[in-house]
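Sequence annotations record features per position, and here Swiss-Prot assigns ATP binding site to 141, 178, 179, 187, 211, 212, 213. Among the features that Swiss-Prot reports, Mg(2+) 1 binding site is placed at 248, 260. Per Swiss-Prot, the feature Mn(2+) 1 binding site maps to 248, 260; the stated evidence is sequence analysis. The Mn(2+) 2 binding site annotation in Swiss-Prot covers 260, 262. The Mg(2+) 2 binding site annotation in Swiss-Prot covers 260, 262, and the record cites sequence analysis as its basis. What Swiss-Prot records for 104-287 is domain 'ATP-grasp', and it gives sequence analysis as the kind of evidence.
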């Protein structure tokens with residue numbers, strides 16, 4: 001099998017592990033920087049070039065597209081899809097996952113529970129909008145933020161209004177959510193491949209923070225996801241059209257709540273903490289999908 005990995009940095013842990021896993025299983029693996037890809041689109045067919053040469057013959061492509069190049073990266077991925085290349089995470093699924101509002105609407109439409117979320121535009125509606133959440137604390141999130149960036153905890157109603165008004169002044173798109181205090185700064189990252197959770201880890205926020213992202217100083221430990229949590233994680237990935245996903249849940253008094261579905265989840269944390277060959281499992285999924 002000939003596999004392409006769309007990645008801007010071949011030295012990143014996740015990219016290196018996917019290369020290693022693919023080659024260990026006897027496949028040809030090539031890294032393509034999406035920003036060096038360019039394309040021809042016409043009624044007589046699709047073509048893709050990379051550094052002056054045509055790209056052909058790939059059986060599968062694994063997208064490792066960073067948030068900063070989402071639009072161009074997904075355009076390249078879409079071109080490969082039209083050329084008949086299989087991908088576990090199609091371009092439209094990645095775009096769904098990176099639009100928090102759209103993702104939450106899709107999840108809610110499938111009956112998947114999450115923190116109550118509100119979205120509005122007019123400043124005259126701010127007070128009523130926030131009242132739909134109940135009393136603070138509230139969590140304000142940039143709609144396309146990633147890795148904990150653009151996430152603000154407001155502990156007073158005046159602070160919630162102030163942050164909302166400031167973001168509107170910057171013409172930023174954002175959502176506001178209820179704060180789940182009983183989670184105590186912890187979440188559960190479930191790594192989904194295909195139709196199952198292959199690994200799970202509990203992430204704990206650093207002292208003084210409520211965001212559990214590891215690169216922000218959070219810690220992680222291997223965890224066991226309950227059958228209900230596994231079901232929610234798999235359904236969440238499926239709702240967005242993803243076959244490979246990191247689904248972040250919090251454990252609440254009303255059951256597991258989905259915070260986010262990540263279409264480009266890092267492998268270093270989960271493989272290091274859980275001792276699971278997640279990269280190999282992804283390659284196995286490709287093998288099964290294109291038989």
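Placed from the backbone N, Cα and C atoms, the Cβ positions cover glycine too.
The structure, with features from Swiss-Prot marked on it.
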residue	record	DSSP (3 states)
141	ATP binding site	strand
178	ATP binding site	strand
187	ATP binding site	strand
248	Mg(2+) 1 binding site	strand
260	Mg(2+) 1 binding site	strand
Candidate nearest residue 260 (Mg(2+) 1 binding site) in space, where candidates are the binding-site residues 141, 178, 179 and distance is Cα-Cα:
141
Confidence summary for the domain 'ATP-grasp' (104-287), mean pLDDT rounded:
90
Between residue 248 (Mg(2+) 1 binding site) and residue 179 (ATP binding site): CA-CA distance (Å):
15
Using the structure shown, find which entry in 141, 179, 262 (the binding-site residues) has the sparsest Cβ neighbourhood within 10 Å.
179
Would you count the other CB atoms within 10 A of the CB of residue 187 (ATP binding site), including those on all shown protein chains?
23
What is the total of other Cβ atoms whose distance to the Cβ of residue 248 (Mg(2+) 1 binding site) is within 10 Å?
21
What binding-site residues among 141, 178, 187, 248 are found with a C-alpha within 10 angstroms of that of residue 262 (Mn(2+) 2 binding site)?
248
Euclidean distance between Cα atoms of residue 248 (Mg(2+) 1 binding site) and residue 178 (ATP binding site), Å:
16
To the nearest whole angstrom, state the Cα distance for the pair residue 141 (ATP binding site) and residue 248 (Mg(2+) 1 binding site).
15
